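Participant: Straight from Swiss-Prot, here's the annotation block:
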- 394, 395, 396, 397, 398, 399, 400, 401: ATP 1 binding site (BINDING)
- 1032, 1033, 1034, 1035, 1036, 1037, 1038, 1039: ATP 2 binding site (BINDING)
- 620-641: compositional bias 'Low complexity' (COMPBIAS)
- 35-324: domain 'ABC transmembrane type-1 1' (DOMAIN)
- 359-595: domain 'ABC transporter 1' (DOMAIN)
- 674-962: domain 'ABC transmembrane type-1 2' (DOMAIN)
- 999-1233: domain 'ABC transporter 2' (DOMAIN)
- 145: N-linked glycosylation site (CARBOHYD)
- 354: N-linked glycosylation site (CARBOHYD)
- 771: N-linked glycosylation site (CARBOHYD)
- 610-654: region 'Disordered' (REGION)
- 35-55: transmembrane segment (TRANSMEM)
- 83-103: transmembrane segment (TRANSMEM)
- 158-180: transmembrane segment (TRANSMEM)
- 184-206: transmembrane segment (TRANSMEM)
- 264-284: transmembrane segment (TRANSMEM)
- 296-316: transmembrane segment (TRANSMEM)
- 679-699: transmembrane segment (TRANSMEM)
- 717-737: transmembrane segment (TRANSMEM)
- 797-817: transmembrane segment (TRANSMEM)
- 821-841: transmembrane segment (TRANSMEM)
- 897-917: transmembrane segment (TRANSMEM)
């Protein structure tokens, strides 16, 4: 460190050092022990080199003074050769300790760090994530990349630094002991050796940080596109996405070029070594002539000085990794240390002995931190008596959900207080407070684990009986027990394997298991169909007995039994009282809301209510049924049927090690840079042997007796050294800049090609477990980067190594073939050692990377569902799951550390042994007068220094090993043929469509669960220009029809025709331009509202955008926002309410002016007021287009031209509303309508 501190001044060094200590923050006692042993090993390993030089100096002196008395000469050489063998044994032990201990402790600390980081992230308050600080992408990068950076520094860089520091100290000790004059004079040259490395570290670290920050943007774009592939496809926005992605990558590439240049200057300035040799050689010759020192000693000391300086330089070059690691560790620590304003971990605060559950809001002021300029509550008051049910109704954005968010303490009010049992909730212990409340929200968050685990989130220590009881209460027990794996069925990422209704019931079971005093239902039934809704509603009524319940509902029918109904409008309670009282006031807000919701047939109040919700499921439904087992099937298949497993097998073994040539072909446009770079690398390869030759010749000059001759030759060789120094500087800049440019453009090209390719894959591909958005994104981030270093740094290295080896071997054989042959023969031993290490590391890197992906998936999921985790205080549980996912990597790493130790030990000691052999054999050849001392020195220097070059290249092979895997996985993506080609050039591109859809004899099952048949011989025709409604229970196949019309999936048998032409004959992207899709959970992208509306429509004027927004009834609310159409939507549109998102999604579909409009439960998630407006908008838009409407709320589809009733994948009835109702009790439709109205009638009694 000393040199570094001196160079940078104490003030600068201190923070670097203290921040570097954060890397070790996560070590425990065992780690400290391992690190101490590792430290000893690394120091021993470092000192072995100067000791080797000491022994060498003696051998050189023996050899140089000539073989006068053969016998004595041989025995001297032999003794020293034997000493080298002893040294080899010692260095084996040391290097083993160095390799083993550090590798072992690195993994331990990194995994502890990951867990702590995740714990800290989960501890943050909701506000932290609202303020764009912690988008999911960032957390994933930190869990995977940052912790890997730290692990890498601990396992490789720290020991390397210590070893070099020891080598530096040892070398100068040897130098002063043997020849203090030379050492003293040459001491200042150390500074020259260090400065380049040091400056370089500084500049590069800055660049590295900027490059990393730069990649977060393209990363976020990719994450959104992949996680919302259906939306991207249906709006044909692949091009738009790619354009944004490329633009975001452009900046990274520019920074990368700067990095290449900086690298070249830095590495090139190492040419200073040669200049230093020039000086040492000249001064050494004077010492030999005038002070009578021996040539071997002069050589050994000169070598020690340079070796020591270089060791210090390369030790300090690790400093740049240290600063990378410390900034990674700091980033992680910053989160770990951040105490959120609302701290779920804190144990301060009181607990009430017994909670009655009275809730009161008193003069509350509040605005969301991300939009401080739009206050939600100005002075909000509401009292909920203990044990009563209060329903909040009102338009979108009136502040209903905010009430729940404040009560759960996701946020704190800026003024006023929220009280439970008369105590301000800020005074209560947070975990305890949340334990008193059960939250069921509109979009239930499930975790990718089993159903049982999901329910246990409610209460950790619940028994199996309690879980079943909770599931029964939530009406979930029956469908769970029908799944092949029952409660152990895996739910899939974000719960995709389950239908909406199923997810919701699991979420309710989770809340019930908690047996909370206060139950918070945020639209808990809005996503269910009539039947599930009735059951769930009963479950909720049961659950809310004797509890304080706050219900938010759009469907008024569901809340008529509430004790108090609070009607909210723009953040105030406008009316308060029971249903009968409020409905009596004809001009009141409530009675008008109820009238709004009444069915067109004025049949009864609020069919909508009930139904409304139903709706949602519908959508899921189709998936649902299908999905229903999906999970099951997935897991089962994985285990029993082996489907999934097969998938894997077919994919995994097919990753052949890709040909490097193919990678280079991707780089073809940069052929000029490739030529320049390769040429520079070849020349640079030759510099090493040339220098060694001069070096060897120089040693023999020292043993000459004629002073004039010594002076003359010294001058020649000194000039050669200076020339090499200049050449090396220029050549390196050429090499690094050119290869850097190749690498950057290659990375950009690979990322673009991969994403472009992924966006052609059929939707079924995204449904697979291994293709979760998290996994794909980390592949885009990491693999492309690895490939860059493969081309940029490794390829240069390979070329220069090959060039150096060929030149050196040729020279060696020409000068002294006997010795050269022996030396060349033992080189492979060293290489094999490094190679063995590399192969072992390769097989390991695979396993640990797989394990990493598992854990980043978990982390991503946890962050997406932060509110749920917070509300259930289930951070511990998530962390336990995370711990389990770390088990695999832990076992792996233990084996890895053994191999690391053995490999390092063997390769280090073998090198010393080969030196021993060379000297012994060289001595014999000299004794037999086969070669002169000069030839021995030259050959030895040339081949040994080349051995070092190969060894260095060998140490890079670990990166090559990682690289090969990355390249394979990149090509696996690029080579995969999609099963549904979105852009078939032969496909028909319609100018416009009539919109006639004909589905004939279709058999269908979702690819992720081929064993669950959705349709068998299904037939349906949809008339052009007419609206067709699909109704039916969950799982009857409604959404599947929409998936088939969009061609997200292909049927197994049968055909889907549009305008009489098989859908497979169309160019899919051209076809999708004429189809507009509005689904239940609208996907908005991070960007402004305007960007979201024009999404996929490249050209649209301002007027068209506003018209579309007006038609979707969104113009007014958009114009009221502070930034209007330029308002930022946030990640996945979190800044907007459900109704607002939905209207933007509708505007987006309208702007497309589609011939076929698909509405998959488009209004299910809205409250009555927004729903009426949106419904009117949809009715307007549907005129003159083919429309396919999936709805649960039957009131919304009475005006459709044709209503098709589905049951279990078959059409059971079709006709208009009137004709179907006329069938009376025998009709399925009639009974569905009745069910929905019956709901209301019961309510009335």
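Each Cβ is built from the backbone N, Cα and C atoms, and glycine gets one as well.
Source: prediction; values computed, not measured.
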Participant: Applying the under-8 angstroms CB criterion, which one of 35-55, 158-180, 184-206, 897-917 scores highest with the transmembrane segment (296-316)?
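Facilitator: Answer is 158-180, with the largest number of Cβ pairs below 8 Å.
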Participant: Out of 145, 1033, 1036, which of the recorded positions is least crowded by other Cβ atoms within 10 Å?
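Facilitator: Checked 145, 1033, 1036; of these recorded positions, fewest Cβ neighbours within 10 Å: 145.
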Participant: Using a cut-off of under 8 Å between C-beta atoms, tell me which stretch among 35-55, 264-284, 679-699, 717-737 contacts the transmembrane segment (158-180) the most.
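Facilitator: That would be 35-55.
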Participant: Any residues 6+ beyond the ends of the transmembrane segment (184-206) with a Cβ under 8 Å from its own?
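Facilitator: Distant Cβ neighbours of the transmembrane segment (184-206) are 3-4, 7-8, 172, 176, 259, 262-263, 265-267, 269-270, 272-273, 275-276, 279-280, 283, 302, 305-306, 308-310, 312-314, 316-317, 319-320, 323-324, 327.
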Participant: What Cα-Cα separation, expressed in whole Å, is found between residue 1034 (ATP 2 binding site) and residue 398 (ATP 1 binding site)?
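Facilitator: The separation of the Cα atoms works out to 31 Å.
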Participant: Could you check the binding-site residues 396, 401, 1034 and say which one's CB has the most other CB atoms within 10 Å?
Facilitator: 1034
Participant: Mean pLDDT for the domain 'ABC transporter 1' (359-595), as a whole number?
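Facilitator: Across the domain 'ABC transporter 1' (359-595), the average pLDDT comes out at 82.
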Participant: What's the most sparsely packed of the recorded positions 354, 398, counting other C-beta atoms within 10 A?
Facilitator: 354
Participant: Enter the number of other CB atoms within 10 angstroms of the CB of residue 399 (ATP 1 binding site).
Facilitator: 24
Participant: Expressed to the nearest Å, what is the distance separating residue 397 (ATP 1 binding site) and residue 1039 (ATP 2 binding site) at their Cα atoms?
Facilitator: 29
Participant: Have a look at the recorded positions (771, 1039) and report the one with the fewest Cβ neighbours inside 10 Å.
Facilitator: 771
Participant: Looking at the recorded positions 145, 354, 1035, 1037, 1038, which has the shortest Cα distance to residue 401 (ATP 1 binding site)?
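Facilitator: Answer for the nearest of the recorded positions: 354.
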Participant: Just going by other Cβ atoms within 10 Å, which of the binding-site residues 395, 1035, 1037 has the emptiest spot?
Facilitator: 395
Participant: Taking each of the binding-site residues 394, 397, 1032 in turn and counting other Cβ atoms within 10 Å of its Cβ, which one has the fewest?
Facilitator: 397
Participant: Quick check on the binding-site residues 400, 1038: which one has the highest count of other Cβ atoms within 10 Å of its Cβ?
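Facilitator: Answer returned by the neighbour count: 1038.
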Participant: Given residue 400 (ATP 1 binding site) and residue 1037 (ATP 2 binding site), what distance in Å do their CA atoms have, once rounded to a whole number?
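Facilitator: Here the two Cα atoms are 34 Å apart.
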Participant: Take the transmembrane segment (264-284) and find every residue of the same chain, 6 or more past its ends, with a Cβ under 8 Å from one of its Cβ atoms.
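Facilitator: For the transmembrane segment (264-284), the sequence-distant neighbours (Cβ-Cβ under 8 Å, at least 6 residues beyond its ends) are 182, 185-186, 189, 192-193, 195-197, 199-200, 203-204, 298-299, 301-302, 305-306, 309-310, 313, 691, 695, 698, 702, 714-715, 717-719, 721-722, 724-737, 740.
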